[in-house]
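Here is what TrEMBL says about this protein:
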- 14-88: domain 'Ammonium transporter AmtB-like' (DOMAIN)
- 177-383: domain 'Ammonium transporter AmtB-like' (DOMAIN)
- 14-34: transmembrane segment (TRANSMEM)
- 41-61: transmembrane segment (TRANSMEM)
- 81-98: transmembrane segment (TRANSMEM)
- 181-198: transmembrane segment (TRANSMEM)
- 210-235: transmembrane segment (TRANSMEM)
- 247-267: transmembrane segment (TRANSMEM)
- 273-293: transmembrane segment (TRANSMEM)
- 353-374: transmembrane segment (TRANSMEM)
Amino acid sequence: MEIAHVEIPISNELFHHCMFASFTAALVCGGALRKVSVGRFLVFITIWSILVYDVVARWSWHPDGWSKKLGSMDFAGGTAVHITSGTTVAAISAFYAFETRGFLQCMQRFKHIVAGLVNSALCCCKSSRKEHNTRAQGAAYEMRNGEEGTNGNADMAAGQDHETEAPAASLEVEDDAPHNINNVVLGTALLWIGWFGFNGGSALGGNLRAVLAITSTHIAACSGGSANILLFWLFNNLAQKYPRGPVSRKLSIMWFCDGAIIALVAITPAAGYVPVWSSPIFGLVSCIFVYLLRRPARVVLRDDILDVFPIHAGGGWIGMLLTGCFAEQSVVGLDGYSAIPDRSIAERLRYQMLDAFAGLLYTFFVTMAILYGLKILRSILRCRWEPVFESNRPVQDKIEATVQYMWRPKDGNIV
């Protein structure tokens, strides 16, 4: 392979892109293996890699790809890796819901979810407005009748607020109890280090552009973890000031790890295009967007327990968007041969969003076609109707990594 007078051995390029494909399959694995056996997943992911990943990767990175010709910028796989993997998990969750609950029932439930979210938002607004009016009336009553009237009116206002409180669930994300934080921290550290090769290697050489990509990746991850902790403090304080339910959350290292991963996803398409000073913006904006997206995604995609869709598809989408805002030729040209078209930010955003939405829609519908095709093939071969995905994995596939609970008898010795 030859890129602007820079010759790259075909074996190196082959290994590089094979590792990209393997990493994308690993992301899909996290959201699929809970519902399918290993053998069936291997059949699915092989077909998926050919029909989905290879197609999207070609139009994003190959010089003859339609998106690359238009001038879209995806340095290390915002669309080809993260949007495709997140959307695939969403498609698998939707397929599993259709198979177990029925299409019409799922559509009816989706309408109820949308109506409930809208009703919750409206009730929150009405309750806040009611609280403001009640406090204003209480202040006026206090001025007329003194402290005695104030106490009575405050009790009445508190009672009214309690009665008018919306029963709908809040949009705030609830904590899931992590059972092995040590492994989460270790995995985050390994991912963090591996991401340097993931983004830095996309410069296709040991040059200043690769160094800048690694630096931007590291700073974005740091800012993302810090931003997620700040978001926790902010929303936790708001929840304590305006309680809509039980408030018992405590700060955990899980929040930092979660924010770092989100920021790493967001900086992936931009690492070799944007200056270092803009990388903290990727961490902050992506964490806010994923935080707001996670609650609706958990309600709609009940089987995506690892939040693969909001983190990877949402983070990749934000990364593609911000890449069009902050990309600079001075950064791209550090490798000595690359260049980007001289366009306005609006034109860049148009092509960035075209690439992102094309990858999302193509991945979703082709993945659904693959799943239903495998289902039909299985029913033909076995001469009976049997879903591709089962509600429970086989027992032999359930491997316990560490002992989560140790029982202690009355004498205090560990059993």
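Positions of Cβ are set from backbone N, Cα and C atoms, glycine also.
Note that the coordinates shown come from a computational prediction; the quantities given were computed from them, not determined experimentally.
Note: the stretches the transmembrane segment (181-198) and the transmembrane segment (41-61) are not in contact (fewer than 3 CB pairs below 8 A, sequence gap of 6 or more). The average pLDDT computed for the domain 'Ammonium transporter AmtB-like' (177-383) is 88. Residues 75-76, 172, 192, 195-196, 199-203, 249, 251, 255-264, 266-267, 270-272, 274-276, 278-280, 282-284, 286-288, 291, 331, 334-335 of the same chain lie 6 or more positions beyond the ends of the transmembrane segment (210-235) yet place their CB under 8 Å from a CB of it.
With a threshold of 8 Å between CB atoms, the same-chain residues lying at least 6 positions outside the transmembrane segment (273-293) that come near it are 73, 75, 171, 173, 212, 215-217, 219-228, 231, 235, 259, 262-263, 265-267, 310-311, 314-315, 318-319, 322-323, 326-328, 330-332, 340. Break the domain 'Ammonium transporter AmtB-like' (14-88) down by DSSP state and the numbers are 59 helix, 0 strand, 16 coil.
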